[in-house]
Amino acid sequence: PQQDKKMCTRVFWAVFPHACFISSLVIYAFLGAVMFSHIEGNRNWNESEEYKDFMLDLWNLSKDLTENRTENQETFKKRAHALFTKAKLEWFADPKEQWSFLGSLFFCCTVFTTVGYGHSYPVTKFGKYLCMLYALFGIPLMFLVLTDLGDILAAILSKSYNEFRKLQSKMLASKPAKLCSGCICKKNKDIKTGSSLLMQHKIVIQEPLSITEVLKSQSSVKRKSLQYRNAEIFEMLIARENQYLMPPRIKKFERWSSCPELDSGKMTCVIENFGKELEKLDVPILLMALIVFAYISCAAAILPNWENHMDFEEAFYFCFITLTTIGFGDIHLQHPNFFLFFSLYIVIGMEIVVIAFKLGQDRLIGLYKKVISYVSKK
């Protein structure tokens with residue numbers, strides 16, 4: 001029970017920092033949604049003089065068009081364009097409907113993710129000031145969460161890629177090896193080299209084997225005197241006994257990279273180490289590009305189910321613009337409340353895109369170094 005308690009404590013302190021950051025971002029988004037829905041949703045929706053002038057000009061334009069059908073089409077387009085550039089979205093939107101709790105929550109997500117589609121924005125002065133203050137603290141918090149998730153995704157990608165390489169090596173090693181020119185098999189040479197390296201090292205018990213099996217596998221023990229053999233047998237017995245008494249060790253991949261001190265038994269986490277795993281990530285850029293394409297394609301196939309005005313191509317374009325935080329606003333959602341439940345997809349997708357950009361940046365830096373080195377030699 002004591003060992004289980006220690007193990008639970010270690011796992012708790014390993015997960016605790018990540019849970020704190022994610023929950024802080026969620027709470028921050030909910031608080032922002034409450035504030036903006038109260039401020040912008042309850043604003044006065046009286047028809048301003050600017051709105052009345054716009055409607056009057058629109059009436060005169062339509063009247064001139066019906067009375068003078070021979071008017072030049074280019075002139076009418078210019079008049080219409082000049083008129084509609086003065087229009088504002090808040091004139092035609094109900095604040096109660098636009099700034100509902102879910103609508104405000106979606107707006108908060110577009111603020112701290114720096115997407116900013118442009119179709120939803122604060123109108124009141126107090127709302128604008130609050131938006132600046134909200135973004136001032138929300139954007140760093142979002143970047144912190146992205147860095148934290150980046151460590152986790154980088155560890156997963158590194159582990160998966162390394163396991164794939166190991167599996168590929170095993171598959172290649174299992175094939176019949178070809179004879180070399182000196183009639184010596186390369187596979188036997190590798191095994192012989194590995195055996196010689198094993199004999200040079202100290203005997204290490206990695207699996208609970210019996211002492212007899214260990215002695216049979218270690219030829220160096222047989223050549224030693226009886227006194228040394230007895231001493232090593234005793235040490236191996238102690239090591240085997242301690243192996244059963246020690247609590248089960250957590251695999252390296254299961255330890256969170258943000259808390260390496262957990263390996264030494266300390267319960268303190270070094271938050272300053274966030275981002276170290278992302279810096280060490282080294283996977284092929286083509287593999288990362290394939291992951292980004294597949295991730296966006298999955299959302300592009302799902303999104304048209306509730307956004308009927310989109311097809312797959314437009315949905316793919318919209319997801320790419322969103323995950324890269326460009327946010328032109330040329331395509332916006334008619335049902336943002338449904339897409340709000342997809343906010344987790346946005347956060348993870350932004351992290352995947354950031355990792356892809358980071359790998360591309362490293363490749364460009366390496367290319368520039370080679371070019372500069374080549375030019376300097378010439």
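From the backbone N, Cα and C atoms, a Cβ is placed for every residue, glycine too.
Sequence annotations record features per position, and here TrEMBL assigns transmembrane segment to 12-36, 99-117, 129-157, 283-303, 315-333, 339-360. Annotated domain 'Potassium channel' per TrEMBL: 93-153, 293-361, in sequence order.
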List, by number or range, the same-chain residues at least 6 past the transmembrane segment (99-117) whose CB is under 8 A from its CB atoms? 25, 28-30, 32-37, 40-41, 131, 134-135, 138-139, 141-142, 322, 325-329, 332, 336-337, 339-340, 343, 346-347, 350
Kindly state the mean pLDDT of the domain 'Potassium channel' (93-153) in the predicted structure. 90
What are the helix, strand and coil residue counts for the domain 'Potassium channel' (293-361) according to DSSP? 49 helix, 0 strand, 20 coil
